[in-house]
Amino acid sequence: MSNPRNGDTKPPCLPRNGLVKIPTQPNGLGSASITKGTPAVKNRLCQPSSVPAILSPALAHRSDLPIPSLASPLSLATLANVSSPPGASLVGLNASEGSEQPSPERLPGSPSERQLAVDEKILNRLFWYFSACEKCVLAQVCKAWRRVLYQPKFWVGLTPVLHTKELYNILPSGEKEFVSLQGFAVRGFDGFCLVGVSDLDICEFIDNYPLSKKGVKSMSLKRSTITDAGLEVMLEQMQGVVRLELSGCNDFTEAGLWSSLNARITALSVSDCINVADDAIAAISQLLPNLTELNLQAYHVTDTALAYFTAKQGYTTHTLRLNSCWEITNHGVVNMVHSLPNLSVLSLSGCSKVTDDGVELVAENLRKLRSLDLSWCPRITDMALEYIACDLHKLEELVLDRCVRITDTGLSYLSTMSSLRSLYLRWCCQVQDFGLKHLLGMGSLRLLSLAGCPLLTTTGLSGLVQLQELEELELTNCPGATPELFKYFSQHLPCCMVIE
């Protein structure tokens with residue numbers, strides 16, 4: 001695994017050192033697309049959090065021992081008066097096995113305090129308050145801490161990211177040896193992201209990871225040279241994989257999908273793979289009858305492909321994301337709404353040929369939608385918002401980033417939607433103060449993004465204090481967002497995270 005470097009300015013909450021946080025899935029809507037996330041997600045991970053008072057009075061009142069918190073990644077290590085071994089991996093088990101680890105008898109303080117520092121009941125409660133990167137460091141303090149921290153419960157929802165160069169150790173003879181993945185197996189990781197790997201690397205991974213045959217549920221391959229043969233071997237050998245992601249993999253073909261896709265796969269993501277076109281969708285539709293989620297970014301997929309889905313998938317598939325599928329038109333939308341009538345999450349982000357008529361088809365036929373992404377659809381106008389407001393009564397999230405033809409009139413239609421909780425209007429350049437007034441009565445709103453809206457003034461934005469239930473407000477690159485306004489929000493919206 002990669003080692004932390006001196007001078008690294010990234011906050012400890014950011015994905016690094018081989019671990020990446022999997023996005024949460026509120027309300028069952030699935031993970032958010034890149035167009036929908038706000039910096040507030042990262043901000044939350046950076047917020048210091050208090051630790052419950054489970055330390056003994058002897059430790060709690062000692063001024064020379066810092067109280068552990070998320071703001072101090074090494075606070076527990078400092079408590080034990082031990083620093084992590086220099087150059088040790090923050091994720092792999094082997095990197096720290098050879099280093100000398102302190103025993104409980106060598107910890108500072110009285111015998112009772114030393115016993116408390118390795119009390120598993122206390123540690124099991126305390127370690128929940130640290131980030132993934134901090135846990136990696138704390139696991140190197142002593143064997144007792146590592147034994148507690150290496151329980152699978154502390155790593156649920158995390159996916160190790162392994163680059164090709166991190167999969168091998170160079171022996172003194174110059175030969176390469178595949179690294180031991182035992183540390184990952186102990187922690188029970190059931191998902192991996194492999195970056196830049198080849199067919200041989202995948203075979204080595206399967207042979208060396210003890211849980212690969214049945215225990216791995218999710219695999220992500222990014223910027224890799226996997227071929228049809230490698231894809232077939234991987235899915236044949238790894239019988240537990242039900243979630244598959246292929247991103248930037250240009251060496252497999254549509255024939256490879258036909259030969260390798262297995263009916264057990266329920267979630268598939270394919271993006272930036274140049275050989276994916278209509279035949280790939282035909283393979284997906286015929287070979288994956290239990291598909292619940294499909295994320296697709298393919299520039300050569302046409303309207304025809306969206307008619308391939310079967311009646312079985314129409315019943316099971318609830319999430320469809322078509323990102324930057326430039327050839328999809330309203331005719332493709334017709335095929336989609338008839339093939340997949342039970343969708344609850346739909347993204348047409350970057351489908352630039354879809355118009356208001358296509359949105360009307362969506363609103364009339366997909367009444368179960370809870371999340372709709374129309375970002376970067378330049379042909380969408382206020383009329384589309386009227387269709388949405390009239391028919392999509394269960395909609396909770398609406399993304400309209402870069403829909404440059406939306407005006408205040410469109411916002412007046414949305415103001416009638418009592419279920420809408422998240423509204424994204426980034427770079428909607430025609431939205432003005434008058435349009436914001438329509439939103440002030442939407443008591444259901446919890447997240448509002450107005451980033452990059454150039455016509456909004458300080459006066460108009462100040463009226464948002466009427467949305468007392470608002471939890472996140474994004475005003476990045478808003479000319480009307482002044483320091484005085486942010487101070488005003490801090491006084492009148494104390495529970496809202498305002499992103500400057």
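From the backbone N, Cα and C atoms, a Cβ is placed for every residue, glycine too.
Database features, via TrEMBL:
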REGION    1-36  region 'Disordered'
COMPBIAS  24-36  compositional bias 'Polar residues'
REGION    90-113  region 'Disordered'
DOMAIN    264-337  domain 'F-box/LRR-repeat protein 15-like leucin rich repeat'
DOMAIN    343-465  domain 'F-box/LRR-repeat protein 15-like leucin rich repeat'
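Confidence across the domain 'F-box/LRR-repeat protein 15-like leucin rich repeat' (264-337), taken as the mean pLDDT and rounded to a whole number, stands at 95. Within the domain 'F-box/LRR-repeat protein 15-like leucin rich repeat' (343-465), the DSSP-based counts of helix, strand and coil residues read 42 helix, 15 strand, 66 coil.
Across the domain 'F-box/LRR-repeat protein 15-like leucin rich repeat' (264-337), the DSSP tally of helix, strand and coil residues reads 29 helix, 14 strand, 31 coil.
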